[in-house]
Structures are given as C-alpha cells and as structure tokens.
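Worksheet for the structure shown next.
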Amino acid sequence: MPEYRSKTSTHGRNMAGARALWRATGMKDGDFHKPIIAIANSFTQFVPGHVHLKDLGQLVAREIERVGGVAKEFDTIAVDDGIAMGHDGMLYSLPSREIIADSVEYMVNAHCADALVCISNCDKITPGMLMAALRLNIPTVFVSGGPMEAGKTKLADHNLDLIDAMVIAADDSASDEKVAEFERSACPTCGSCSGMFTANSMNCLTEALGLSLPGNGTVVATHADREQLFLRAGRVAVELCHRWYGGEDPTALPRGIATFEAFENAMTLDIAMGGSTNTILHLLAAAQEGEVPFGMRDIDRLSKRVPQLCKVAPNTPKYHIEDVHRAGGIMSILGELARGGLLHTNAATVHTRTLADAIAQWDVTQVDDDKVHTFYKAGPAGIPTQIAFSQATRWDTLDTDRSEGCIRDVAHAFSQEGGLAVLYGNIARDGCVVKTAGVDESIHVFEGNARVYESQDSAVKGILADEVKAGDVVVIRYEGPKGGPGMQEMLYPTSYLKSKGLGKHCALLTDGRFSGGTSGLSIGHASPEAAAGGAIGLVRNGDKILIDIPKRSIDLLVSDEELAARRTEQDAKGWKPVEVRPRKVTTALKAYALLATSADKGAVRDKAMLDG
C-alpha cells in the first residue's frame with residue numbers, strides 16, 4: 001500500500017526538527033499518524049467571487065479533523081478579470097493561472113501533504129488549481145465559492161449581470177441615471193458573476209470531470225445549502241485518503257477520475273450548456289498537466305454531435321445560473337446527455353463509483369427523493385450581501401419542463417448544434433473557437449472585409465470612432481499568449497460593437513480570447529498566434545474573410561501565392577506589431593511569454609523548451 005507522503009517529515013529520528021515545527025502549528029503526538037490534508041483557499045478582498053471565502057477554509061479544516069485528518073490551510077492569489085479588464089491589468093490574468101498552479105504544487109510538495117481540498121471560484125483560480133491537482137495526483141476534491149445572485153432593477157424586464165452594466169455604459173443614448181442604476185444592481189452579492197461565464201462554466205465542469213460534488217457549480221454563494229458542500233468536501237477528502245493510502249484505489253486520485261473519457265464528458269457538458277470559450281483553453285491545459293491525450297480535434301468532433309440543452313446569460317437574458325440550479329443543476333444536464341447516449345457514464349467521481357450512479361442519485365427528473373428536490377429548490381433571496389450561507393430561500397417549485405424550460409432534453413434542444421465550435425482554415429491552421437450559442441443564426445455564414453488592429457486598445461478606439469462598419473471583420477492580433485503577452489480578453493470590443501448596433505452585423509477575430517460574458521460572432525484563440533508566425537499576422541485591411549460555422553471553416557480569401565509572399569516579407573520584418581503599444585511588459589510577463597504555447601495547446605508552458 002502507498003505510504004502517507006507526510007511520513008517523510010513526520011517519522012524518524014532525523015525528522016525531529018520537522019516535527020518540532022509541526023508541533024508549533026498545533027499538531028500533537030496522535031496527529032503524526034493521520035493524513036495531512038492541504039486546503040488551498042483563494043480568499044481575497046479584491047474579487048467578489050472570493051470575498052466570502054475567508055473563514056471557509058477553517059470550516060473545512062474543522063470537518064477534516066472531526067473525521068480523522070489533519071488540516072493545513074494556505075492561500076493562493078486570485079485576479080478579478082472584470083476589474084483587470086480594459087487596461088494593462090488584463091495582461092496578468094491568464095499568467096496568474098500558471099502562478100496559482102505553481103503555488104499549489106510548491107506548498108503541497110514542499111510540505112509533503114497527503115491530499116488536497118481546492119477552494120476556488122473565479123476565472124483562473126479553478127483552472128490553476130485543476131492543473132495543480134493533475135500534476136500532483138494526490139487525493140483531491142474541489143469546492144467552489146458559488147455563483148452570485150442575478151441582479152434586479154425596475155429599469156429592465158430581465159435579471160441583470162455584469163455584462164448588462166458594461167453594455168449600457170457604452171450606449172450613448174442611456175442616461176447617466178440609468179447607467180448608475182444598472183451599475184448598482186448588476187452584481188448584488190458575493191459569488192462568481194451570475195451568467196454562464198468562465199468561472200461558473202469551470203465550476204460546473206468540475207462536476208462533469210468527477211472532481212467536485214453535485215451542486216458545486218450552481219448553488220448560489222449566499223445559500224445555506226452551500227455550507228453543506230464545504231463540510232462534505234472535507235469528509236470526502238478524508239475518505240479519498242483512506243481509499244488510496246488504505247486500498248490503493250486508483251479512482252481516488254485525480255488522474256484516475258479525470259481520464260480521457262471524463263474530459264470528453266466535461267467538454268460535452270460545456271458544449272451542451274454553451275459555456276465560455278475560455279473553458280476550452282483551460283481543459284486543454286489541464287489535460288496536458290494530467291498527460292491526457294485530449295486536444296482540439298476531440299473538441300471539434302464533439303461539437304458536431306452534441307446539441308445545446310441549456311441556454312443561460314449571456315446567450316439569453318432569460319436565465320442565469322440560479323435558474324440552472326432550479327432546473328436540476330449540472331446533474332440534470334448530464335442526465336439528459338446520458339439518455340441521449342452522449343456520455344461515458346462509467347467514469348468515476350469523488351463521491352460515487354460511477355457517473356451513472358451520481359446521475360441516478362441526483363437527477364431530479366428521475367429521482368423521487370424529497371431531499372434532492374429540496375436541495376435543487378435553493379434559490380436567491382434578492383438581498384445584497386457579501387456573507388456566505390446568509391439565506392435559506394427556496395423556490396416553490398422545480399423547473400422540470402424539458403421541452404421549454406431552462407434545461408431541455410435532446411428532442412427539444414435549443415439547437416441540435418452545440419454551443420461551442422472549432423473552426424479551421426488558412427487563417428487558423430491549428431484552429432480557433434467560437435461560442436455559437438451567442439451567435440445569431442443569420443450570421444452563421446459571414447463574409448466581410450478585414451479591419452485590422454494591432455491591439456485591443458486600438459480596436460476599442462476604432463470602434464468608438466465609427467471606423468468599423470456593418471459587414472466588417474474586426475481583426476485584433478498580437479494579443480495571444482506570447483504576443484500580448486497574456487492573451488487578453490476582448491470583452492470591451494465586443495461590448496462596444498453591441499452598443500453601436502453592430503452585434504449582428506460584424507465579426508471579430510483574434511488570437512486573444514474572450515470573456516465568458518461575450519456573445520456575437522466573436523472568434524478567438526486563433527492558432528498559431530501572430531507572434532508565433534500565425535497567418536492572422538498576414539491579414540491586411542480590406543482582405544475578404546469567409547466564416548462558415550456549419551462547415552467549421554474560416555478562410556482568408558487570398559491566394560496561396562500572395563500569402564507566401566506576405567510571409568516572406570513578414571519573416572524579414574519580424575512577427576511583432578507595427579504600432580508602438582503603450583503597455584508596460586514587466587520581467588514577470590516576459591518570462592511567461594518566453595515559454596507560452598499558442599491557445600490550441602492551452603497556452604501552457606512549452607515543456608520542450610525546458611526539457612531540451
């Protein structure tokens with residue numbers, strides 16, 4: 001049987017010094033024979049999705065110790081993409097994912113922890129911790145801080161989220177008073193932003209990967225039911241320790257759970273619920289860390305056969321994450337996918353032997369269990385707060401309408417084509433991604449003239465100055481992992497296109513990425529990126545670009561001979577932006593750029609550069 005990793009520092013005469021230090025943290029004689037379980041928290045007062053996490057690590061710690069483990073908590077960093085957006089702060093967002101993964105690895109390996117509880121929530125924190133978990137491959141369970149409640153105002157006929165505040169602010173016809181009302185109403189509570197944006201998408205995907213508990217992605221942060229998720233996560237961490245160190249059960253480890261089949265399940269869910277395109281980036285990165293051969297071609301294959309069963313903001317103003325929970329949460333979406341023959345239901349989870357067992361226990365349309373039904377009735381209270389577990393409001397009824405409700409069955413899907421697609425062509429040889437759930441069907445095939453910008457800042461200025469016209473394809477390049485560096489999100493350009501009335505009349509193509517709040521014909525992750533010699537760096541103003549989502553293609557309508565000539569010219573000039581960009585690229589960012597791969601590889605470090 002495997003020995004506790006912690007035995008390295010807790011046993012033997014030569015470890016007297018280490019034990020003395022452990023004792024100084026509060027450990028007693030009897031603790032040195034127990035598993036030491038690390039709790040990676042991510043509390044910060046900078047991020048609404050993390051502002052309520054301060055005491056939750058200790059909540060988990062007490063439960064771990066109650067059931068026989070030793071708990072030791074530490075914190076990672078957390079960047080708020082919304083606050084960092086629109087200025088040089090966004091250069092740090094994606095690189096922070098690697099820092100988070102490294103920090104978890106450093107703490108866990110330096111102290112020889114036996115298991116891990118990841119308390120995450122927002123955009124780069126869940127992916128960073130997921131990457132670390134798959135690197136470390138020790139018993140791990142995820143529990144998130146939960147989604148924010150949707151905002152409410154008398155000035156709108158639908159609930160609000162962050163994107164509504166951004167779009168109205170860019171609308172010149174909106175009064176200052178209306179903008180202020182939206183701003184004050186859009187983000188009423190602690191938690192990750194209330195739509196199917198990156199944070200919530202990733203927290204939902206951990207359920208499909210099998211690494212978190214039912215409800216992890218959908219119980220609002222303010223609800224008392226989420227406290228039980230934290231307590232149960234502590235108990236599960238100890239159970240996983242017993243299964244691995246006491247029984248050498250490989251399905252107690254992340255790599256035994258998050259297999260190729262589990263990654264296919266997670267991507268299938270992502271496509272079915274129209275999740276953020278960033279999830280593709282993060283799943284690819286996590287797969288690389290876990291040595292799982294899951295890539296863009298697999299995503300492309302899945303996108304052609306998985307229907308869209310759930311439609312949530314920003315793809316529709318009608319539903320937010322709180323509505324997904326009322327409809328049965330992720331387990332109900334997985335249930336519909338399973339009945340459609342679209343899942344590997346034999347995949348393991350941290351809480352059941354198989355995913356099939358989990359669905360059988362938690363799918364509200366199949367289970368006649370009052371406790372399960374009551375759990376999924378947990379709803380918002382509509383009271384602004386930054387306090388976790390501060391309310392116990394419940395919906396009167398569940399939404400189990402699978403023909404016209406928030407979650408549909410396969411026969412009544414919102415679309416038989418899923419919510420995400422991978423496009424290939426001469427402008428993106430290694431692929432690019434589009435959130436089809438947010439694209440109006442009238443522009444699924446689009447041909448337009450290129451309007452080229454060498455930075456997000458220039459594109460924003462151009463859009464606001466009315467340089468972009470209906471029928472244009474806005475091209476924003478040198479914003480990839482290397483070129484940015486840091487692969488900025490392009491939420492401001494897409495929001496401003498909407499505010500100018502061009503949301504259904506233009507396309508946007510970039511080697512950068514998009515916020516989970518983006519909708520419209522927004523195509524990101526163009527690979528290879530311009531800074532790596534990608535063809536997006538060869539586009540010139542006025543070039544015709546043809547986008548065909550049904551055919552999964554995107555092409556620059558320029559002859560091969562002309563492209564070859566342009567490439568020769570660009571090789572001589574160097575693959576860098578023509579304009580001088582007023583951004584400060586620090587040593588830390590340069591170090592990230594030096595090793596970063598393009599988006600089709602998850603923008604992870606190029607290990608060949610390190611190994612070679």
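Just so it is clear, glycine is given a Cβ too, placed from its N, Cα and C backbone atoms.
Taken from Swiss-Prot as is:
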ACT_SITE  Ser515  active site, proton acceptor
BINDING   Asp81, Asp123, Lys124, Glu489  Mg(2+) binding site
BINDING   Cys122, Cys193  [2Fe-2S] cluster binding site
MOD_RES   Lys124  N6-carboxylysine
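In this structure, Glu489 (Mg(2+) binding site) is part of a beta strand by DSSP. The CA atom of Asp81 (Mg(2+) binding site) is located 8 Å away from the CA atom of the residue listed as 'active site, proton acceptor'.
Ranking the binding-site residues Asp81, Asp123, Glu489 by C-beta neighbours within 10 Å puts Asp123 at the top.
Taking all protein chains in view, 28 other C-beta atoms sit within 10 angstroms of the C-beta of the residue listed as 'active site, proton acceptor'. Straight-line distance linking the Cα atoms of Asp123 (Mg(2+) binding site) and Ser515 (active site, proton acceptor), rounded to a whole number, equals 9 Å. Apart from Asp81, Asp123, Lys124, Glu489, the residues listed for Mg(2+), the same chain places the Cβ atoms of Val79, Ala84, Ser93, Leu94, Cys122, Thr198, Ala199, Asn278, Ser515 within 8 Å of the centroid of those Cβ atoms. Taking CA atoms as the reference points, the residue listed as 'active site, proton acceptor' and Glu489 (Mg(2+) binding site) are 5 Å apart. Cα to Cα, Cys193 ([2Fe-2S] cluster binding site) and Lys124 (Mg(2+) binding site) are separated by 14 Å. Cys122 ([2Fe-2S] cluster binding site) sits 15 Å from Glu489 (Mg(2+) binding site), counting Cα to Cα.
The Cβ neighbour count for Cys193 ([2Fe-2S] cluster binding site), using a 10 Å radius and every protein chain shown, is 31. Spatially close to Lys124 (Mg(2+) binding site) yet at least six residues away along the chain are Ala78, Val79, Asp81, Ser93, Leu94, Ser96, Arg97, Ile100, judged by Cβ distances under 8 angstroms. Its Cβ taken as reference, Cys122 ([2Fe-2S] cluster binding site) is surrounded by 29 other Cβ atoms within 10 Å in the chains shown.
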